Amino acid sequence: SSFQEMTNATVVLEFRLLGFSSNPRCQILLFTLFLVIYILTILGNMIIISVVTLEPRLHSPMYKFLKNLSFLEVCYTTTIVPKMLANLLAQRKTISFSGCMAQLYYFISLGATECYLLSVMAYDRFLAVCEPLHYVVVMTAESYTCLSAGSWVTGVFTGFLPCLMVSRLHFCRYNLIDHFFCDISPLLKLSCSDITVTEAVIFILSLLVLSSCFLLTLVSYLLIILNILKIPSASGKRVTFSTCSSHLMVVTIYYGAMISMYVRPTYNLSSELNKAVSVFYTVVTPLLNPVIYSLRNKAFKKALGQVVVRH
């Protein structure tokens with residue numbers, strides 16, 4: 001019978017995504033909501049990329065990192081949202097096996113890249129606040145390029161192993177994914193292979209990536225806050241903290257969602273709650289970043305005004 005199982009295992013050429021609700025009215029409502037959020041996300045992040053590129057005064061490492069983050073958010077949300085929107089309107093909500101694996105790979109790689117990039121940005125803020133005299137020497141154009149490229153390259157490699165392990169599992173007959181995209185835990189639940197090793201490796205990898213980046217970011221901010229407390233004037237404290245608080249907000253939101261999803265056993269969260277948390281970091285967070293960064297940043301708002309006037 002195991003041979004029979006194996007021959008059946010090869011037949012899953014596509015998955016069906018259950019998505020959110022089978023109620024057509026509810027699907028149209030969700031489609032409209034997610035489409036508006038997606039358009040705003042792309043617009044918001046493209047504005048940041050354009051303003052930082054066009055305004056010479058924003059050519060400092062801090063804004064270049066922000067431009068990188070905005071580009072990343074566009075890629076990250078585009079990995080998930082267009083397919084989700086198409087499926088909300090489709091009768092048969094399917095995704096091919098290779099499409100599913102590609103989506104999983106980009107989702108993991110870009111998610112990891114975001115972790116690396118956020119910790120690099122925290123390190124940049126730490127240098128600027130705690131080592132202002134060394135900042136120009138340490139954060140040169142070369143070191144900015146190395147840190148940015150390093151984040152992307154490491155992210156690209158982080159996605160390989162989990163994706164390879166999931167793609168080699170057997171999926172027998174039953175191909176219904178109770179989610180709106182190809183995420184790890186719904187795929188593991190579907191497999192008829194022994195997933196013990198795959199689950200352990202993915203758990204350890206996510207724990208390593210998330211905890212190391214989170215700790216780096218946390219330590220940077222603790223040192224920044226301690227440094228701010230030493231500033232004698234209240235206005236000095238306020239100015240310094242305002243440059244970091246927006247980054248701190250983004251980091252808290254992102255890691256909160258990610259850690260609650262991946263650094264825990266997969267079986268104890270209902271699929272509805274799983275979907276809700278997933279919507280938060282695949283759809284909402286990419287929109288929050290440009291909103292939080294640009295609206296809370298005087299230099300950026302001023303630069304945006306000047307770019308609009310010039311063009």
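Backbone N, Cα and C atoms are what each Cβ position is placed from, and that goes for glycine too.
Because TrEMBL annotations are produced automatically, they should be read as predictions rather than curated entries.
Per TrEMBL, the features are:
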DOMAIN    44-293  domain 'G-protein coupled receptors family 1 profile'
TRANSMEM  28-49  transmembrane segment
TRANSMEM  69-90  transmembrane segment
TRANSMEM  102-123  transmembrane segment
TRANSMEM  200-229  transmembrane segment
TRANSMEM  241-263  transmembrane segment
TRANSMEM  275-295  transmembrane segment
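Highlighted: of the candidate stretches 200-229, 241-263, 275-295, 275-295 has the greatest count of Cβ pairs under 8 Å to the transmembrane segment (28-49). The largest share of C-beta pairs under 8 angstroms with the transmembrane segment (69-90) comes from 102-123, of the ranges 102-123, 200-229, 241-263, 275-295. For the transmembrane segment (102-123), same-chain residues at least 6 beyond its ends with a Cβ under 8 Å from one of its own Cβ atoms are 62, 65-66, 68-69, 72-73, 75-76, 79-80, 83, 95, 147-148, 150-152, 154-156, 158-160, 162-163, 166, 181-184, 187, 209-210, 213-214, 216-217, 220-221, 247, 250-251, 254, 258, 282.
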